[in-house]
Amino acid sequence: MNNLSLANEKTKIQVRGLEFFYNNQKSLKSIDMTIPEKRITAIIGPSGCGKSTLLRVFNRIYAMYPKQEARGEVLLNGENILAPGYSMNRLRSHVGMVFQKPVPFPMSIYDNISYAIKHHEKLSRREMEDRVEQALRGAALWDEVKDKLKQSATGLSGGQQQRLCIARTIALRPQVLLLDEPTSALDPISTGRIEQLITELKEQFTVIIVTHNMQQAARCSDYTAFMFMGELIEHGDTDTIFTKPSKTQTEDYITGRFG
């Protein structure tokens with residue numbers, strides 16, 4: 001058992017009274033939660049419970065689509081990212097996201113990393129080479145691709161492609177890393193590599209992962225939040241959530257009685 005407690009952690013994200021609407025239908029209901037800095041927080045729950053919606057609020061990706069609205073407060077470093085004046089470019093530089101299916105750009109491995117950086121910073125050639133290497137090392141991919149950086153990224157295996165997407169995201173040096181079912185399309189060996197990588201990434205980043213795989217949440221995360229029908233039912237350290245949950249709904253889900 002660990003001795004983790006949200007009360008003793010430094011807060012990275014504070015969620016207050018968050019509600020979310022699709023076409024005027026409420027899908028998140030008065031969410032209050034704290035995301036601690038440089039820890040891994042897993043969000044679990046049955047399909048349609050709102051966990052991916054919550055994740056997408058953290059970088060406001062929903063703003064790309066019509067008739068979607070978030071209300072309440074999401075404080076990143078004490079600033080409300082939902083405020084009208086909060087810059088989207090600033091938010092995207094602070095909060096990176098990796099999706100369920102790896103989507104490498106149809107270009108070289110090197111350009112997959114440098115392309116994203118060029119849109120945010122002006123670096124010399126040497127600085128860019130160093131940044132690309134750092135990102136690939138950070139995603140545990142460098143040793144596998146260092147001799148074929150000019151080859152197409154689409155030729156990588158599924159697991160390598162997902163690590164490339166992680167490298168592309170961390171190359172921008174965000175503060176928060178969002179992972180939406182990052183291993184659901186991968187084989188067990190690739191999944192194991194990604195899980196090991198996730199545990200290493202928390203040394204530099206605050207990590208939030210949405211997963212249907214409860215074993216993955218138990219293995220990787222420091223804290224776990226259980227959601228059901230748009231509500232946050234329980235949130236605490238992972239050991240407690242999985243062994244001594246305080247809510248019956250949480251216990252029923254974890255023990256397989258529904259979901």
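Positions of Cβ are set from backbone N, Cα and C atoms, glycine also.
Remember, predicted model here, so these are calculated numbers, not experimental data.
As annotated by Swiss-Prot, ATP binding site applies to GLY45, PRO46, SER47, GLY48, CYS49, GLY50, LYS51, SER52, with the evidence given as sequence analysis. The domain 'ABC transporter' annotation in Swiss-Prot covers 13-254.
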Fewest other Cβ within 10 angstroms of its own Cβ, chosen from the binding-site residues SER47, SER52: SER47
Count of other CB atoms lying within 10 Å of the CB belonging to CYS49 (ATP binding site): 23
Sparsest-packed of the listed binding-site residues (GLY45, GLY50) - C-beta count within 10 angstroms: GLY50
Sorted by sequence, non-GLY45, PRO46, SER47, GLY48, CYS49, GLY50, LYS51, SER52 residues with Cβ within 8 Å of centre, ATP: THR53, MET227, PHE228
Number of other Cβ atoms within 10 Å of the Cβ of PRO46 (ATP binding site) across all protein chains: 14
